[in-house]
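Asks: From TrEMBL, for reference:
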{"type": "BINDING", "residues": "A:Glu43, A:Cys62, A:Leu397, A:His449", "note": "Mg(2+) binding site"}
{"type": "BINDING", "residues": "A:Cys65, A:Cys443", "note": "Ni(2+) binding site"}
{"type": "BINDING", "residues": "A:Cys65, A:Cys446", "note": "Fe cation binding site"}
Amino acid sequence: MSQTITIDPVTRLEGHGKITIQLNDKGEVEDAHFHVTQVRGFERFSEGRPFYEMPSLMARICGICPVSHLIASAKACEAIMSVRIPHTAAQLRRMLNLAQMVQSHALSFFYLASPDLLLGMEADVKVRNILGVAAAKPELGRAGVGLRRFGQSIIELLGDKRVHPGWVVPGGVTEPLSSEKRDKILAMIPEAYANTGVALGAYKQIADTFKQEIEVFANFPSNYLSLINEDESIEFTDGALRLVDEGGKIIEDGMTAARFPEVIGEAVEPYSYTKFAYYKPLGYPDGSYRVGPLARLNIVKTMGTAKAEKELAEFKGLAAGLVTSSFHYHHARLVEILYGIEKIEEILSDPRILDKHVRATAGVNRLEGTGQAEAPRGVLHHHYKVDEDGKMTWANLVIATGQNNKAMNLGVLQAAKHYVKDGKFTEGMLNRVEAVVRTFDPCLSCSSHAAGQMPLLLELVASDGDVVDRVVRD
Amino acid sequence: MDTIARCLVLACGNTLRSDDGVGPKLAEWAAERFQKNEDVRVVARQQWTPDLAKDIADADSVLFVDSSLNSIPGRVSLAAVASNRGNGDAATHHLEAHELLGLTRSIYGSIADHAMLLTVGVGSTELGETFSEPVEAALPRARGVLEKAVLRFIQN
């Protein structure tokens, strides 16, 4: 008799999701899905609001990456205003976005992933959490707390609040950086480097013990999408998008936010409230792609900073071509943390960062605008339409987790097929299936932002298991 | 920003969920009451997260302030907190007071000399920015208990 294994909720994620694994009569895994089960409503309830409210409204989507939403939203608004923001404002936003990336990656690595990585996938579930890690590896606990506080403190210094900061507005930022704040941030940097060194050292020591997981944790060829600068260095805030295929060949380059909706579509599957982004010319699902740290490090040719450059070379040495195992998202996050600290230091070393001109002003000059940035989890795209008075008439957000959705589902299936045999499984096996999802560090509150018509599958199942009625809304 | 104070008042709660916001409300009062006292630092968060371990490690004493679902609405309680690692279901985004103390001891090797938990029993956690009658009525007593505890901590 066929059987379904349900892991609900999937733990140590941002948000609420579940995994189902379908077994056939022989106890073999036939299919598996990662379901995002929560519904939110940001696109719909933004309608009717003045467009300039959008950054602060959109930042409420997420408590982990509000800065990315602030920035993508402000850029969409600036497209409506047809303004170019001052250089210093762009650099301040870049620093804020990097600070967020550091704290978010620290949370993902130390709080969410490290219980599996440092204590083991089979460790007693009662100790497989941040408290267990702290007890077993206090130096890593300190490093994790230190890096998260580093990022959050910068966000608080710049935006007044650690979570849901303001400051970023259409046209730039509300106030310039003071020399006192600059010096406070610079003073935190040596400790941040030291903490990153502890994390990288610890990770490299244990990575080789996860050979099997590396082999089956969403390890397959795919397309990749990320922002990149003209000099082919990594970029989180500006630049343009590059899409490469599974061999690293460039499919799309210089993709602006305005072009994004022309080439990126969103498919709907009945089992998830999160959509599935794909590259339209290749169709769905062939046009699916991965975003985030793995994609960024696969796509860029250089980090553009000395310390991270060495780490990038080591990272790229993990495979002959592109690095395809999602397990390596963890490693990529640590490399990006190092880059973030270096880049923040570099930005603050430029005297122009204290310039007082940090905001451009304008009204409605276009009725449509798009903006994009790299969230810690990957590309984030905002697309708005307004009326002549600047009131929002329509919004669409394409979130990193939606862009990784197909790969996450394929990864869950790949791991389930490997670890669940003859209908038998242990807690440690199922934890590995969950851990595949954790490698992507999905943010489910971000990804289920849509309101109104939601994909829905309703099944009426008879006592013998037969589906007697089925309603699909997409 | 990180600052060091002898006594840390660490409140928790959601001000958009009625009585759950009593912790931040008391923290707001404490921040004003001890505004000129450098020995006292007040921090209010929606959730207690692991990174607060550093704030606790930097203080000689800590007064946790929270609402309680397991208490009679409006009941004000003050109890000592012992550090431990909980029952194994520690959430990443939210820790209890004893778990935060346990985490602090694990990674910094020491914890505050004194740790107490002040709670106010909740009547409602529905969406809203006002308190239920029992919690509203309990505020003066809760402030008094908070004040006494902080003064005792900083005089030790």
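Each residue, glycine too, has its Cβ placed from N, Cα and C.
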Asks: Distance check, please: Cα of A:Cys443 (Ni(2+) binding site) against Cα of A:Cys62 (Mg(2+) binding site), rounded to an integer number of angstrom.
Replies: 8
Asks: Can you check what DSSP calls A:Cys62 (Mg(2+) binding site), collapsed to helix, strand or coil?
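Replies: The three-state answer is coil.
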Asks: Return only the integer: C-alpha distance in Å from A:Cys65 (Ni(2+) binding site) to A:Glu43 (Mg(2+) binding site).
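Replies: Each residue's Cα considered, A:Cys65 (Ni(2+) binding site) and A:Glu43 (Mg(2+) binding site) end up 17 Å apart.
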Asks: So if I draw a 10 Å sphere around the Cβ of A:Glu43 (Mg(2+) binding site), how many other Cβ atoms end up inside it?
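Replies: So the Cβ neighbour count for A:Glu43 (Mg(2+) binding site) comes to 21.
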Asks: Within 10 Å of the Cβ of A:Cys62 (Mg(2+) binding site), how many other Cβ atoms can you find? Include all protein chains, please.
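Replies: Other Cβ atoms within 10 Å of A:Cys62 (Mg(2+) binding site): 27.
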Asks: For the binding-site residues A:Leu397, A:Cys443, which one has its C-beta crowded by the most other C-beta atoms within 10 angstroms?
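Replies: Max Cβ neighbours within 10 Å, all protein chains included: A:Cys443.
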Asks: Which state, by DSSP, holds A:Cys443 (Ni(2+) binding site): helix, strand or coil?
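Replies: Reduced to three states, the DSSP call for A:Cys443 (Ni(2+) binding site) is strand.
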Asks: Which secondary structure state does DSSP assign to A:Leu397 (Mg(2+) binding site), in the simple three-class scheme?
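Replies: Its secondary structure by DSSP: strand.
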